[in-house]
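As recorded in TrEMBL:
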ACT_SITE  R19  active site
ACT_SITE  N37  active site
DOMAIN    4-87  domain 'Acylphosphatase-like'
DOMAIN    196-372  domain 'YrdC-like'
Amino acid sequence: MRRSGTIIVRGIVQGVGFRPFVYATAESLSIRGSVTNLGSEVHIHAEGDRFDEFLEMVRKGPRLAAIDEVIVSPLSGTIPDHFSILDSKTGNLSGLIPPDVAICDACINDIKQRNSRYFNYWATSCVDCGPRYSIIRALPYDRERTTMDHFPLCPSCEEEYWSPQSRRHHAQTIACATCGPSLALMDPDGRSMPVTDPIQKAAELLDLGKILAIRGIGGFHIACIESSAERLKALLGRTEQPLAVMAEADTIEKVAMLDEDDKIQLTSPARPIVVLEKRDHTSHSTISNLHTLGMMLPYTGLHHLVFSRLQAPMLVMTSANVPGNPMITEIDLVMSRLRGVVDYFLTHDREIQNRCDDSVIRDGLIIRLSRGIAPKRTRIDLGTRAILAVGPELNANASIYNNGFCITSPHIGNIRNPSTVRYLDETVERLRGLTGTTPEIIACDLHPQFLSTRYATDLADKLGAELVFVQHHRAHIAAATRERCVGIAIDGVGYGDDGTVWGGEIFVGQAPDYVRAGHLEQVLMPGGDAATSHPERMLYGILQKPEILDLLASRGWNEIACSALSHQVERRFNTIPTTSTGRVLDAASALLGICSKRTYDGEPAMRLEAAASAGRAGEWDIFISEENGQQVLSTSRLMEEALLRYLPLQEESHEMQRRAIADIAASFQFNLARGIALLAVSVAEVNGIGKAALSGGVCYNRMIRTTICDELQKAGIQPIINTDYPLGDGCISYGQAIIAGIR
């Protein structure tokens, strides 16, 4: 029976080959009609005897699609005798801005087949893969609204673009060596090197130990082989910081331990960096001195072609920008910034419209929300007013809510300098333009001095929007769940209601009304940020004992320095009160001689976790008291227990010390996590709540996270972790938007 209808499809339907999929499906089922992009939706007019089958296939969509809604209504007007793809039109812009997609297996095969016209072409793509967000200027997603509009199609690409039988039918990024973007290998002075195969020469230079800057999808990476990693880190001034590596699947399996979930993440269309446990914790120490290594598969044609020519099994691939700063996208800027660091530059002439760093995942949890995952769209009802949330100060991104959807940008960085403020503004304006949104509410952090807060204040004045301040840790919990729960927010720093530094918080309630019901013991940060950079100061801020001063003296602190620290704490001069979980872990790392100076974000706690990975945890006594109606976990008592176990080790052999320190590190983490869980259980029982939400950067520590979850489950409380957003500060803008929208 012949049926007809107008079908509107909403969801992830831009940049995923949806129109070619609909066309091919219609042709196979003898359906007449048309398909077009209308803003961020797909509109289909269809008629035929097999309409119901066609509709069922449309509901499933192509591989990369994620369909939220399919609306079917009666068809009006005449239907042509065939099925066609019509030109896109502007319309509703509330839908998804497509993220970049790793090269698919079929395109990898094309670039490796000598009889393919895509043989050895680095920018090969199809409807299932290739750049999306990084090249898009406006929606709907069509070539003329991307940076690919600089590259008119050659006759062969034109023919393939219009051919329904081609995998590149209506592929907006289609290109070949004749008409597409080209590569250039440049020397340190910016001169293009006269080589016929820039990729072959780049691989040879890498194998010789040279350091290269390689322009990718969303910005520049610095690449080198493992034997050059130490030199690279010295040149960058990051001698201790772990670097990410790129390798093919067989190498990754040899180096790291993978479970099925890790393999799924590694091979997903996003191709993120996945933080994996090394098979030998001491291996590849010039790249990472931790027990883990961030690894990713090649995700572009360029990467695959480099590896096909490379002798080395892996490449260091680290972002060319300073940590926390925006990705570098321009060749002139990367040359000026990396002069004296990089030996050669492998670049291309496809403009990067929107910079994008690599996404990072560990244990299935997002650490950095970026390439391949963001922009991230979440269906959520926050009311009728459009909202912009600008996030925190560190590891920030931005979120825009409009028409029932929240779109979160890729990772921006640390909003501490003019360049990242400009990048924040650039990202906000890009999201506003792509979604057609003028915010009526702007949400920001509670801290009055953050540059992101100042930016939000100025923008609210400019747009006449309502400004809403959201406390950092409440945003963490709101991002985890909107249900009534006990909230566990454990991280390094967040501005509290009382103007002190929070970071070990237990809340009770439901967004937006979270009441602080417990926290870690309030301790001191002597020198403020100096205690973050030098965790031995933090150690004394937690435990003011003569034994600590003696320990510091034995490690090179002179009498004047020890006396100054003691007097500073005694007089509370330039000392900031804090309940931060991260600072407690830093202090434990300092106590055990693991890390006495932080050279990168999270280093002391990460090295403590690495040491603990070789140890056995034992139970210690947990001390919880009640202060001002709130449950308080004593961290000074835990630190004292660690001190009592550590001091006798001074007379032991190096190997005995190493093993004992690993056990103390493991026990400290384990009992800190037990204490946090007991705080949450106590609050849950008093309030009759059966769910507890976990958030905050400390939750990436596997032992701490799993111990808290285990203890909650033993008490009959369900742990809640939102795996769709980072546990760290990359979820804050989303949480801010939620609280601003439903308060």
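Positions of Cβ are set from backbone N, Cα and C atoms, glycine also.
Those TrEMBL annotations? Automatic predictions, nothing curated.
Quantities reported herein were computed from a predicted structural model and do not represent experimental measurements.
Averaged across the domain 'Acylphosphatase-like' (4-87), pLDDT in this predicted model comes to 90. Rounded to the nearest whole angstrom, the C-alpha distance between R19 (active site) and N37 (active site) is 8.
DSSP places the residues of the domain 'Acylphosphatase-like' (4-87) in helix, strand and coil in these numbers: 21 helix, 35 strand, 28 coil.
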